[in-house]
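> The following block contains the structure, expressed as structure tokens.
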Amino acid sequence: MSKPRGKNVVFKILKLNEEEEAEDELGRLNQPRPSVTVQTIRPNYSIISLSQVTEASLEIWRTLPAAIRQDPSLASFRQEHERLHGPDDDPLPNEDVSADDGDDSHSKEFITIKVTNPDTSAEDGKTTAVAEQSEKNGQNMTTDGEGDDGHETTMGGHHEHGKLFGYIKIGTLLVVWLIFTGFLMSKHEKELTPRQLSVPEGAYRTYILPEPSLGPRIGINLKGAFLSDQHHNNTSTYLSLNLQLLYLPSNNSNTSYFSEHDVKYAENITNVWFVPIPSSLEAIDQMDEISRKHVFDIGPINHQKVTSGKAVVRVRMSTNLDADFPTKFTYDPTPMDTETGVIYAAVVLLGLYVLIIWEIVHRTFAAIIASTLAIGVLAAMNERPSMPKLISWIDVETLLLLFGMMILVAILSETGIFDYLAVYAYQVTNGKVWPLINCLCVFTAVMSSFLDNVTTVLLMTPVTIRLCEVMELNPVPVLMSMVIYSNVGGTLTPVGDPPNVIIASNSHIAKNGVNFATFTLHMAIPIFFVMITTYFQLRMKFKNINDLRFSEPQDVQEIRHEIAVWQRAAASLSSYSKDEDLVRETLLKKVNRLSRSLKKKLVTGSVPAESYKATLEEMRRKYPIRSKTLLVKSAITLAFVITFFFLHSAPDIQKLSLGWTALLGALLLLILADREDIESVISRVEWSTLLFFAALFILMEALSELGLIDWIGKQTENVILSVSEESRLAVAILIILWVSAFASAFVDNIPLTTMMVKIAIGLAENEALDLPLQPLVWALALGACLGGNGTLIGASANVVCAGVAEQHGYRFTFIEYFKVGFPVMVGSVIVSTIYLMFAHVVFTWH
């Protein structure tokens with residue numbers, strides 16, 4: 001009979017650097033014994049072997065499970081067995097030795113010994129690993145465990161259902177790839193030819209659509225000095241546009257060459273579209289160009305007449321302006337059906353969240369797939385955007401800001417300032433957990449109020465991670481608390497969060513008295529109460545101090561499991577004979593040593609007061625400033641960047657945007673640092689985060705093209721218009737606040753804020769509603785900024801924090817963040833609702 005294939009078992013031997021450990025190794029031999037020899041495997045590593053073991057004790061040794069029988073602590077029995085009975089097929093424990101030769105001087109050194117278990121079937125021939133936790137970064141390697149019977153369990157392994165899930169995932173992604181690849185390959189980029197037209201005074205301007213493949217829906221795009229629809233009540237001057245059907249003579253078979261005099265008669269087939277325009281040439285000359293779009297439905301009957309060659313479509317325009325009106329005219333023969341587009345957009349967005357929430361693929365890859373699929377859907381609906389248009393969708397300003405600050409942080413980290421600040425915070429808070437977390441969160445919120453919160457998170461995340469490592473805390477819940485406070489603090493000022501920048505930079509809002517001081521004053525009160533409620537919510541979430549620490553590390557679980565196996569093996573032996581007692585005592589020595597190792601690894605609830613000073617001194621010695629010269633250069637650069645960030649709110653003083661400021665600061669620091677190894681700096685840029693943002697920008701613009709963003713805005717406006725006049729302000733505040741909050745949690749808040757600003761202005765300018773603008777602005781600012789706390793991708797700061805943390809080896813999932821951030825977001829919006837109702841509905845502060 002052929003011998004079954006064995007499985008590899010990996011054991012560890014700790015470095016013998018303590019007298020207690022050395023005595024324990026000797027104690028396993030149940031001294032006194034005739035002679036003891038020490039076999040050195042590698043420098044500082046030892047296995048103690050016994051040269052004389054009785055045959056009876058060998059018989060007992062052979063009855064032990066293979067995983068225990070091959071342990072180095074029982075190597076003496078194995079060697080004596082091979083001396084008396086010859087070598088087995090399995091190698092000796094010391095014949096295949098490898099060591100972890102990492103360069104981390106603070107990590108525990110260990111060696112691994114691979115042995116083959118002949119008693120294990122081929123089906124169980126897998127590898128069991130015991131990993132040693134690094135003392136420097138506190139990270140654990142993923143390991144597989146041994147079952148209670150000495151056989152392998154399936155911890156972390158690939159199960160059959162895991163393989164099936166992998167096949168389903170790959171198959172589904174391949175189907176999605178085939179879908180958008182097919183549409184992109186079969187559809188051309190949509191290019192519409194603009195035409196410059198002038199609508200004469202007191203006369204009609206007509207244009208015949210020569211397109212032979214017109215659909216039942218025709219889109220008309222105008223660009224010129226137009227007003228928004230909300231100005232209908234503020235102007236009496238309009239451009240009127242409608243579509244007509246021109247019937248051709250029966251003998252005219254070619255519709256491409258004919259004169260309007262050849263038509264039999266004309267028929268109006270659509271209602272008139274009234275577009276408000278300025279009432280004077282002076283106002284027209286001073287206005288910016290605005291694009292206006294409208295889709296006309298000519299109906300299936302008229303479409304049949306056009307396709308059969310019996311008629312053509314003519315556009316007729318006129319104005320009541322006392323002068324000619326110029327405009328850029330474009331027609332779309334196949335406009336997209338936005339009702340269908342909204343459904344497709346919702347499906348794509350849902351697919352993105354499925355990929356991210358269940359971590360089917362990395363979030364960056366998920367965003368790339370979703371954005372490409374959205375473009376494929378646009379192509380399927382004959383709306384494939386051109387490459388220049390796609391590039392224009394990417395917010396280069398945000399990417400530039402992130403890139404520049406990542407370069408700054410990468411070089412700044414080499415000075416050791418983050419470790420030094422961590423030690424200083426440890427000293428200030430006396431090593432206490434919650435004072436430390438409160439200090440971090442409040443400082444982050446204050447910084448986010450005056451700097452962009454993305455910049456603040458980039459600077460604070462490395463400090464927070466280092467502090468948590470020093471305090472033996474799990475950085476993930478602390479980072480989540482920090483980024484929540486960053487978004488709350490960023491809501492305070494117009495420059496703290498990107499939605500606030502969009503709101504405050506709107507010219508119409510600025511003309512209505514919303515400046516830096518006014519904005520900050522109105523935001524200060526609700527943000528103060530939101531920070532208090534957020535504190536209590538986080539304290540309730542992490543009321544158990546162990547919730548802020550790692551769940552039991554993998555190596556601790558492994559030691560517990562190993563103790564159970566050895567205890568069970570020792571319990572199976574009695575003390576009826578001297579030989580059984582010899583083996584049992586050796587096993588119990590192993591159990592004692594593992595128990596001591598387990599006690600050392602267990603983390604206590606807090607730093608003991610008596611060890612605080614010793615720990616602080618050790619940290620000061622271990623984490624000094626490594627390069628004071630580079631720190632001075634970095635301080636000069638940061639002073640430049642932060643100063644110009646502050647001056648960003650005063651455009652009359654400096655003209656640089658946030659992105660340009662960050663890039664110029666990065667270039668300045670690279671010049672001052674005189675770095676030759678630029679590759680090492682570039683490699684530390686979070687490229688996956690930048691790609692995620694780029695893909696997300698494209699996705700959101702594609703969803704906007706599909707009509708999802710406008711659909712949200714129209715539904716919001718319809719609800720407000722449906723209530724009575726005396727309740728409209730309260731309803732408008734509630735709708736704008738809660739819709740923007742929940743939408744910002746699941747949709748990027750930058751395009752959403754751009755859309756909601758238009759809705760707020762439109763509601764305020766609608767004379768039939770008679771709503772003040774400022775309460776709507778405050779509701780939008782609170783909803784868009786605080787709503788970003790709801791999910792991991794709700795705000796830019798969340799994504800940046802997750803990316804930096806992952807680079808340091810700490811990863812938090814969508815669900816983990818959702819469990820913390822979403823309840824905080826709901827609580828924050830409730831507090832904001834109460835404040836807005838009292839301030840603007842009851843007391844009419846505006």
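Each Cβ is built from the backbone N, Cα and C atoms, and glycine gets one as well.
Under the heading compositional bias 'Acidic residues', TrEMBL lists 89-103. Look at TrEMBL and you will find 353-783 tagged as domain 'Citrate transporter-like'. If you look up TrEMBL, you'll see 80-148 marked as region 'Disordered'. The transmembrane segment annotation in TrEMBL covers 164-185, 341-358, 364-381, 393-413, 433-455, 516-536, 630-650, 656-673, 685-709, 729-747, 820-843.
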> Any chance you could find the range in 164-185, 364-381, 393-413, 516-536, 656-673 with the most Cβ pairs under 8 Å to the transmembrane segment (630-650)?
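Highest pair count goes to 656-673.
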> Do the transmembrane segment (656-673) and the transmembrane segment (164-185) share at least 3 Cβ pairs under 8 Å, sequence separation 6 or more?
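Contact between the transmembrane segment (656-673) and the transmembrane segment (164-185): absent.
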> Short question: which residues 6 or more past the ends of the transmembrane segment (685-709) have a Cβ under 8 Å from it?
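Apart from its flanks, the transmembrane segment (685-709) reaches 336, 338-339, 341-342, 344-346, 348-349, 352, 362-364, 367-368, 370-371, 374-375, 377-378, 381, 383, 385, 390, 393-395, 398-399, 402-403, 406-407, 410, 747-748, 750-752, 755, 793, 796, 799-800, 803-804, 807.
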> Same-chain Cβ contacts of the transmembrane segment (820-843) under 8 Å, 6 or more residues past its ends?
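Counting only partners 6 or more residues beyond its ends, the transmembrane segment (820-843) has Cβ contacts under 8 Å with 477, 480-481, 484, 488, 525-526, 529-530, 533-534, 537-538, 541, 729-730, 733-734, 737-738, 741, 745, 772, 774-775, 778-779, 782-783, 786-787, 789-792, 794, 798.
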> Same chain only, please: residues at least 6 beyond the ends of the transmembrane segment (164-185) with a C-beta under 8 Å from a C-beta of the stretch. Say none if there are none.
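Hits for the transmembrane segment (164-185): 351, 360-361, 369, 372-373, 375-377, 379-380, 384.
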> Could you pull the average pLDDT for the domain 'Citrate transporter-like' (353-783)?
84
